[in-house]
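Here the structure is laid out as C-alpha cells; the discussion comes afterwards.
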Amino acid sequence: MVTLAELLVLLAALLATVSGYFVSIDAHAEECFFERVTSGTKMGLIFEVAEGGFLDIDVEITGPDNKGIYKGDRESSGKYTFAAHMDGTYKFCFSNRMSTMTPKIVMFTIDIGEAPKGQDMETEAHQNKLEEMINELAVAMTAVKHEQEYMEVRERIHRAINDNTNSRVVLWSFFEALVLVAMTLGQIYYLKRFFEVRRVV
C-alpha cells in the first residue's frame, strides 16, 4: 500500500519536470536550450511570442544525431509533442534572424515525461491504480498551469492593443474637436464680414 507521503513526493517529482521560461531574443539572434533524455521518453514544447514585432518566431527542434524533428517559420504560438528516438541531448531553438531590429519575448515550456520502464520493472497491467490516477492528475494540473500562463500572456497582448487603440481614439477625438472649433470660428468670422457695412468716403 502506498502512503500519503509517498504520493505527495511522487506528485512533486512529476510536477518538477515542467519548467516555464520567458526569454528575450534580439534581432538577428538565436537562442537554444538543451534537454538530455533517454530513448522513448515523451517530450513536448509549448511556446508563445509575448512581445515584439509581428509576434512571430522561427522554431526548430533537433535530435542528438542532428536530425530535424520539427521546424516552424514565423509562428506566433505552438505545441509540439514527440517521443525521443534515441538517447542523447535534444536541442530546442528559437530564431529571430528574420527580424531587422525588433527583439522578441518568447514564453515557452519544455515538458519531459517519464522515461519508459525497462523489462525488469513491473508492467502497466500490474501498476497501482492510485499511481495511475496521480499521474493523470499531474498531467492535468500541468496542462491547466500552461493554459493559465498562456492566457496571461494573451491578456497582456490584448490589453496593450486595447490601450493603443484607446489612445488613438482619444487623440483622433481631440483632433476632431480642434477642427470643429476652428471651423466654427472661421464661420463666425466669415458671417461677421459678410454682414459688415462698408462705408465709402
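Please read every residue number as a count from 1 along the shown chain.
In case you wondered, yes, glycine gets a Cβ from its N, Cα and C as well.
Summarising the annotation, Swiss-Prot assigns region 'Interaction with F2RL1' to 1-181 and lists experimental evidence as the type of evidence.
Swiss-Prot lists 1-20 with the feature signal peptide, giving sequence analysis as the kind of evidence.
Residues in the topological domain 'Lumenal' (21-168) partition by DSSP class (helix H, G, I; strand E, B; coil) as 43 helix, 61 strand, 44 coil. Look at Swiss-Prot and you will find 21-168 tagged as topological domain 'Lumenal', backed by sequence analysis.
Look at Swiss-Prot and you will find 30-112 tagged as domain 'GOLD'.
The coiled coil annotation in Swiss-Prot covers 117-167.
The transmembrane segment annotation in Swiss-Prot covers 169-189, and the record cites sequence analysis as its basis. Only residues 6 or more beyond the boundaries of the transmembrane segment (169-189), in the same chain, are considered here, and none has a CB under 8 A from a CB of the stretch.
Feature annotation from Swiss-Prot assigns topological domain 'Cytoplasmic' to 190-201; the stated evidence is sequence analysis.
Summarising the annotation, Swiss-Prot assigns motif 'COPI vesicle coat-binding' to 194-201 and lists sequence analysis as the type of evidence.
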